[in-house]
Amino acid sequence: MNSIPVLTLLGVTALLPCVPALTCQKSSAQAVRNVAELPLRWWGAGEKTCEVSEGCQDLIMLLYNGPKVNLVIIKGCTEVEDQEPKVIWLRTGPGLSVVSYTRVCRHGDLCNDVNSTKILEELPTPTVPGSLRCPLCLSNDSCENAPEQVCPVGSTHCYDGVLRLRGDGIRTNLKVQGCMAQPDCNLLNGTQAIGTLYMSENCDLIGPQALDCNSGSLETVRNVSDLHLSWTTGWQTCEAGEGCYETVMLIQNGHEFHMVLTKGCTRDMNKKARLTRHRTGPGISIVSYVHVCRDRDFCNDLSTTDPLWTPPPDTELGTLRCRHCLSTGSCVSASELVCPAGSTHCYSGVLSLRGGGVISDLKVQGCISQSQPGCNLLNGTQTIGPVDVREDCGLQLDALKCQHGTLKTIQDISKLPLQWTAGQKICNVGEGCQDTLMLIENGEQVNLVLTKGCTTAKDQEAKVTEHRTGPGLSVTSYTRVCRKKDFCNDLSTTAPLWAPPPVTAPGTTRCPLCFSEQACENAPEQVCPAGSTHCYSGVLSLRGGGIISDLKVQGCMSQPGCNLLNGTQTIGPVDVSERCSPPSETTELSCYRGVMFELGNGFAEEPVKWTAPGSQVCAPDEICQETLLLIDVGQKSAFLGSKGCSSPGAQDNIGVSIFSRLPGMLVASYTKFCSSHLCNGADSSSVLLSILPRPDVPPPGDVQCPMCVELFGSCKSTDSVTCPRGATHCYKGDIALQGGGLTTRVSIQGCMAPPIKPLLGDSKTIGIFSAEESSNYRHEDDVTSAPSLAWTLRLSAWMLGLSALLSSLYAGICPLC
């Protein structure tokens with residue numbers, strides 16, 4: 001995405017620091033005129049109240065081509081820092097020449113008051129005719145049958161290309177033919193942006209062309225009195241062959257309506273604009289608009305709700321009364337209303353929307369008319385454009401808050417009962433809260449595994465299960481799933497599971513005693529309690545609910561065999577398995593294990609140490625892996641790494657991926673999957689840096705962006721830094737990473753260069769990590785705060801063994817002025 005706001009909807013405001021907002025002149029224009037008309041003047045610019053901290057900008061560009069000149073004017077609000085008036089000649093001729101004027105001010109309202117091209121100095125110097133002849137054209141339409149001109153002396157080549165101009169109110173493909181003093185498609189001398197005007201050129205017009213499409217997504221709930229709505233969008237350059245799509249859905253429910261809008265690039269076949277009325281009332285009504293096109297840039301240009309909505313006819317009230325709600329939040333305060341005549345049933349359900357940048361769970365309660373009651377608000381529709389739609393009438397309509405976190409620890413039994421506190425998380429609508437606790441007693445030690453969080457499992461009353469009671473090793477678990485209230489998974493102590501074991505006389509069997517995620521070599525022997533007849537030696541693997549553990553266990557048992565858990569394979573969300581192959585038969589694979597996150601600067605230049613403090617034994621279908629992700633935005637860098645066992649079924653492989661590079665941010669990864677003993681042993685980030693290209697750092701350009709990388713929490717940087725030349729827009733987004741023992745959300749701000757794509761492209765996995773990217777236009781309700789670890793202030797740390805429970809993030813809001 002570019003730096004233009006993805007969607008601006010009238011009436012939307014934001015809480016910002018208490019600084020007066022400026023009023024700026026607001027207008028944009030593009031036109032081809034005769035040079036003889038210069039200097040040109042303009043008047044009648046509108047006015048716009050900016051966001052707090054924004055300034056006013058003036059931007060003018062003139063492209064001279066013989067007797068013709070193309071004029072671009074942009075006035076309005078901008079986040080760019082103040083800039084004194086600056087005139088730059090991008091090309092001086094002979095032949096085609098380009099000059100620009102830019103200024104950003106904050107010293108007073110309407111300070112962007114330039115109203116003439118006179119500010120751009122003198123016209124190009126007259127020249128003597130030469131011998132070269134070239135077509136002459138400046139047109140927004142076509143250059144067919146363009147007249148020829150005699151080029152000025154010094155012109156050596158004919159230029160023929162399309163200049164794409166993209167800015168606030170400017171969406172132009174300017175056809176240009178004329179004289180130049182050099183070959184190649186370089187009319188702009190490498191310039192890609194002038195202020196907030198983004199530019200590119202294309203001189204290869206044979207074959208499929210990459211379209212520019214309006215792009216963005218929006219979800220809003222409003223009063224019907226706000227209709228009709230209008231909007232503007234951002235834009236993106238598609239891959240060759242892709243088309244532009246737009247999808248709008250309106251749900252009206254009484255005096256409220258819900259609107260979902262998504263636009264962008266697609267590989268779908270062309271579809272003429274189609275209006276579908278999925279439900280017409282009385283009561284709830286639903287209409288959608290779908291369009292896919294390839295006939296021109298920005299052909300997905302619907303900008304108003306006019307085609308979708310007409311005021312419904314007045315209807316008499318009936319006798320049915322239903323609760324009324326249309327909300328992406330809560331329906332707790334929904335009121336009961338009298339339905340219009342013809343309504344036969346009350347609807348209550350959750351409409352889930354996924355796709356096209358839309359992630360929403362809309363709670364709907366209202367009146368409908370249908371022959372049979374049921375969960376069929378959309379009359380069987382399952383997709384609307386790129387959006388998958390699903391409804392569920394069996395879920396509660398409010399998202400629960402649950403205690404959230406994981407813990408693994410080995411303690412002396414004398415310390416029982418243990419207590420803990422947990423973080424919290426907002427679940428998806430329909431999910432419940434779960435508590436899972438497992439205790440394994442072995443002599444004087446106890447292994448505790450705890451996981452809390454959200455779950456899709458059905459409600460389950462608190463249940464204590466004794467999987468093995470001893471003598472010797474004993475295993476007990478506690479599981480519960482609830483939805484009756486927020487934070488109902490409130491287990492905070494081992495007390496419900498544990499009571500001091502009865503005193504038993506010692507027996508005659510002696511066995512090694514071990515609890516470890518590392519190794520059990522040279523484990524001390526213990527005298528087993530009476531009744532113990534065999535020694536147990538195995539590896540207990542736990543996977544699920546945020547738990548990844550391979551626990552080596554040696555101790556006393558009252559029966560032979562590899563059956564510590566008496567056949568149990570799942571405990572809550574955790575899958576459990578055990579392996580007891582004797583040493584002579586073992587084919588166990590050991591891998592280094594640990595998670596690294598480090599924040600600093602210069603990581604793209606100098607290697608960072610990357611070693612693991614421990615190892616683990618993998619399951620039979622797992623191999624070793626190491627994954628390293630580098631994010632370098634210029635002034636700040638971050639490394640995130642994982643070593644351990646892979647997901648089941650992985651194959652040997654080594655790879656380096658570069659997702660983004662200079663002149664924008666550098667985002668790259670190193671991954672290795674291998675199947676020999678401790679083969680994931682890279683000890684520094686040089687395994688990645690040694691392969692990355694080392695281009696020369698470009699000189700500073702014209703674009704300024706905030707630069708930030710945050711591993712825990714959101715970027716709050718407001719200071720802008722000048723981007724390298726070639727960067728054309730600012731990026732702001734989050735990347736959620738999960739896997740390999742790491743769960744975090746990385747917040748990123750920085751410079752980006754064309755093509756305008758997500759930072760990770762289409763990548764959903766990075767080695768062992770699953771990755772989900774969301775940019776700054778994503779709906780706020782869809783984002784949950786990244787959990788904060790108890791030792792966040794240590795900017796470099798390894799997570800191994802005992803995991804701290806997670807705590808919530810809170811943010812302050814400045815009062816309105």
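Cβ atoms here come from the backbone N, Cα and C positions, even for glycine.
Sequence annotations record features per position, and here Swiss-Prot assigns signal peptide to 1-21 based on sequence analysis.
For 22-796, the entry in Swiss-Prot reads topological domain 'Extracellular'.
Annotation source Swiss-Prot lists N-linked glycosylation site at Asn115 (among others). Shown in sequence order, Arg41, Trp42, Trp43, Ala45 are the residues of the chain, 6+ apart in sequence, with a C-beta less than 8 angstroms from the C-beta of Asn115 (N-linked glycosylation site).
Restricting the average to the domain 'UPAR/Ly6 1' (134-203) gives a pLDDT of 90. What Swiss-Prot lists as domain 'UPAR/Ly6 1' is 134-203.
The Cβ neighbour count for Asn189 (N-linked glycosylation site), using a 10 Å radius and every protein chain shown, is 11. Per Swiss-Prot, N-linked glycosylation site is recorded for Asn189 (among others).
Helix, strand and coil counts under DSSP for the domain 'UPAR/Ly6 2' (322-393) come to 0 helix, 42 strand, 30 coil. Annotation source Swiss-Prot lists domain 'UPAR/Ly6 2' at 322-393.
Remark: Asn379 (N-linked glycosylation site) has His278, Arg279 as non-local neighbours, by Cβ distance under 8 Å and separation of at least 6 in sequence. Feature annotation from Swiss-Prot assigns N-linked glycosylation site to Asn379 (among others).
Per Swiss-Prot, domain 'UPAR/Ly6 3' is recorded for 511-581.
According to Swiss-Prot, the N-linked glycosylation site annotation covers Asn566 (among others). When Cβ atoms from all protein chains are considered, those within 10 Å of Asn566 (N-linked glycosylation site) total 12, not counting its own.
Here Swiss-Prot flags 705-774 as domain 'UPAR/Ly6 4'.
Here Swiss-Prot flags 797-817 as transmembrane segment, drawing on sequence analysis.
If you measure from the Cα atom of Asn566 (N-linked glycosylation site) to that of Asn189 (N-linked glycosylation site), you get 74 Å. Helix, strand and coil counts under DSSP for the domain 'UPAR/Ly6 3' (511-581) come to 0 helix, 40 strand, 31 coil. Secondary structure from DSSP puts Asn189 (N-linked glycosylation site) in coil.
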